[in-house]
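Participant: Got a structure for you, written out below as structure tokens; questions coming shortly.
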């Protein structure tokens, strides 16, 4: 009767003991006609009490059906349904195995605040204050679309009314909305373009960093790209996402140190800053590329279902995602602003190539090149998970066929990097196409299709506005980025 008291008699179902456990309980809450914020607070207290007791008693594994407590946040506070249950798979473990919220946050942070940060001052050069505003606005939008995308993985069980995971990937959501005939192929192509283009950009970035470090050798960027690719070949043996998260955790720390060095240098040049150089007007001819760069720098939606599936406590996902994007937005905006103010019209596509001292430039660029190579495994591993099963190969196997397929995938990214070795323009183009659709348009469309009956007109209009904004970014970005790339050749 405890839960009935906590909900003040409004819940239909109360508590069932889980078989095999004398401490963990199943909480069931069907549709509640009216529930106050105080009621929700009481339920949270009850949840944490049970979680603490469970962990103290060491009851983390169950031979039968595992029940994990989770509170599902009501859709924008507009529905009166409260779900307090998420059914896991057989043999799932609550306190052992899986990524912690901190490890997941490292992966997200590395994806949205990684190597592409070095091009953000260049976006301010073209977009002025509007680029700075976009860095904050796109962060908020991507946080929202990431959360609603994960909500599309869950549906209330017809038999119990409890929130249950019924989909496990972006492709599963697309298949539900568009059907297997169109949904899977469309998402498969878009995801792989995004993932492989991210790998390509890492190689191009390495090439530009190394070329900027040793200009006296007169070695073309394409040659440096080939040299960089050699160091990615060992990734063909990666089998575990946990190992990938270790790379992400390590190079995120390194990147933070490098960023702080760049920021400190920029601050020492503050006496040269000229705020009048930042534009208030929008340059229609160049701003779309800047916006594409910004959108691409926040793209993480394609990783989110994989991360959420591998999290030890999935109910921490929304808070983890919001905090990661808030930190990223603050840091990106500040970094882009002071980076542009330091070099103004001389701002390069890769800001570290503006460093005046050859020795400092070499140290920073080499460190960032190493970080780019350590960032390569996350999108590469995700691409392998999507592509290899199509050829009846498992990403967890180490057979010669699997390793050969992984090596071929790495070499394919090398070929594309050699064809388009222009970092900022390529980044803007990809961000305007797959970045916009995967991060902005499709999450909102899927959310409206699957959860629209639960939403108010305000939320529906908000999602439609994001979709329209996405299409505008795509059209203008393709035109501008293509024109800029044409000038490079």
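Including glycine, each Cβ sits where the backbone N, Cα and C put it.
Quick paste of what TrEMBL says about this protein:
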DOMAIN    99-479  domain 'Amino acid transporter transmembrane'
TRANSMEM  129-150  transmembrane segment
TRANSMEM  186-211  transmembrane segment
TRANSMEM  223-241  transmembrane segment
TRANSMEM  247-268  transmembrane segment
TRANSMEM  280-299  transmembrane segment
TRANSMEM  319-341  transmembrane segment
TRANSMEM  362-383  transmembrane segment
TRANSMEM  403-420  transmembrane segment
TRANSMEM  427-448  transmembrane segment
TRANSMEM  454-479  transmembrane segment
Participant: Please determine whether the transmembrane segment (427-448) and the transmembrane segment (129-150) are in contact (criterion: at least three Cβ-Cβ distances under 8 Å, sequence separation 6 or more).
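Facilitator: As far as Cβ distances go (cut-off 8 Å, pairs 6 or more apart), the transmembrane segment (427-448) and the transmembrane segment (129-150) touch.
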Participant: For the transmembrane segment (280-299) and the transmembrane segment (362-383), does the number of C-beta pairs under 8 Å, pairs 6 or more apart in sequence, reach 3 or more?
Facilitator: no
Participant: With a Cβ cut-off under 8 Å, give me the same-chain residues at least six positions beyond the ends of the transmembrane segment (403-420) that come close to it.
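Facilitator: Counting only partners 6 or more residues beyond its ends, the transmembrane segment (403-420) has Cβ contacts under 8 Å with 196-197, 199-200, 203-204, 207, 222, 225-226, 229, 232-233, 235-237, 380, 383-384, 387-388, 391, 393, 426, 485.
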Participant: Could you pull out which residues elsewhere in the chain have a CB under 8 Å from any CB of the transmembrane segment (223-241), counting only those six or more residues past its ends?
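Facilitator: Cβ under 8 Å, 6 or more out: 99, 203-204, 206-208, 210-211, 306, 310, 369, 372-373, 376-377, 380-381, 384, 395-398, 403, 406-407, 410-411, 413-414, 417-418, 421.
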